[in-house]
Amino acid sequence: MIVQKEGRGQPVSLRERVHFLDIVRGFALLGIIIVNYFLIVDSVKGFEMASDDVLHKLVSWFAEGKFVTLFSFLFGVGFMIFMDRAAQKVESPNKLFARRLSILLGFGILHITFVWVGDILAFYAVSGFLLLAFYKRTAKTVLRWIIALIVFQFLTPVFTMLYNVINTAGSKNPNFSEFTLFSHSSLTYMESISTRWTDMVTMAAGSFSMIYSMFLMFLLGVYFVKMEFFKDMEAKKPIWKRIWIISTIAFLITQSSILLDMFNLSENMLWKDISSVLGQNGGLTGSMFYMSTFAMLFLYLPQLRGPMMIFTKVGRMSLTCYLLHSIIGTVLFLRYGFGLADHIQSAGTFMFSLAVYFVLMSFSTLWLKRFRYGPMELVWRKLTYGKVNGSPKATPLHSEKSIQK
């Protein structure tokens, strides 16, 4: 039973809840674009951008690992919404979701093969199959798993420290991003295709921590839906306020690794281990801080809902825009395209990120004026269901006028 809001203020409607999730999803994609474009440009330059570059450090501190983690949280939310709707329409929602993931895996494989090895779709698809075991679990069970995974994530650096003490001559595994992207920076497009999967094997070999973090955030998204935090959000203002306070404190604690970096304390082994613990959990705390901050703005400053709507179009077409940003970025920056990475610094990379996001925002706005789904979203839906339920044309469901007050 949904609790009704008493007193002043209007409850957040179903339409507004949909908009809120689209806002967060669109904002997360902006962060992903910025981080990925810095990664591509860095790879071409051999990761030699000045370490004291302020903008580069800001992106590293406040964006890297945060937005892809936020996207993972939203994937878990989307899983629950999909399964709840599918359960009302088909006898086996598990099979339908498995089919949906298989199609997403196909998109990821094509993305890796023809565009960029830094793909997350394939990892989402593979990790997503694990979610099927949690759909019918209680919120309490899911929470226990989340706590266990977080505790293990905090303890991992301790185990690493002990291993390093025992194996002082331990070898250092090559950094995935440096190896894969730098190896492609000087290749032609056809050469890049032929060697990309070799690099993918290297990435898969060291992907446990990535899948682990993704799955943790998937479960957190599942938990939020099971607890109905996105239903009647107005009535749950106190809950969202507590979530924001806890997330803010946790984020500030993990971001204290910045101080260790600024004062070069991380060169000491003890401080280095502490910095590792903080850094490995920065994605979790950062993503929850950003998401809960948007919730606070959405709930406590309703006059800002209109301006926040600029993110919704990209959020509704997140799959299409994600694939387009990779295509545009690799063509712009890598040497088989325009090779602009050789000629720009951090400020230029940041401006290109914003410019591409603006292009994607404009494209999404124009497209959704005529159609209900983005092009890749429509294909995904068609392949999942075998047909498109309802008209693919734009409908009043996603009208923005109702919340721009």
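Glycine too: its Cβ is placed from the backbone N, Cα and C atoms.
The transmembrane segment annotation in Swiss-Prot covers 20-40, 62-82, 103-123, 146-166, 205-225, 243-263, 282-302, 321-341, 348-368 and is backed by sequence analysis.
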Contact check, the transmembrane segment (321-341) vs the transmembrane segment (20-40), 3+ Cβ pairs under 8 Å, seq sep 6+: yes
Spatial neighbours of the transmembrane segment (103-123) far in sequence, C-beta under 8 Å, 6+ residues away: 36, 39-40, 68, 71, 177, 180-181, 184, 193, 196-197, 199-200, 203, 207, 210-211, 214, 319, 322-323, 326-327, 329-330, 376, 380, 383-384
Highest-contact recorded stretch vs the transmembrane segment (20-40), from 205-225, 243-263, 282-302, 348-368, CB pairs under 8 Å: 348-368
Maximum Cβ pairs under 8 Å to the transmembrane segment (205-225) - stretch from the list 62-82, 243-263, 282-302: 62-82
Candidate ranges 243-263, 282-302, 348-368 - greatest C-beta contact count to the transmembrane segment (62-82) (under 8 angstroms): 282-302
Chain residues in Cβ proximity to the transmembrane segment (282-302) (below 8 Å; excluding those fewer than six residues from its ends, i.e. six or more beyond): 12, 20, 23-24, 27-28, 31, 62, 65-70, 72-73, 150, 153, 213, 216-217, 220, 233-234, 237, 240-241, 243-244, 247-248, 250-251, 253-255, 257, 308, 405
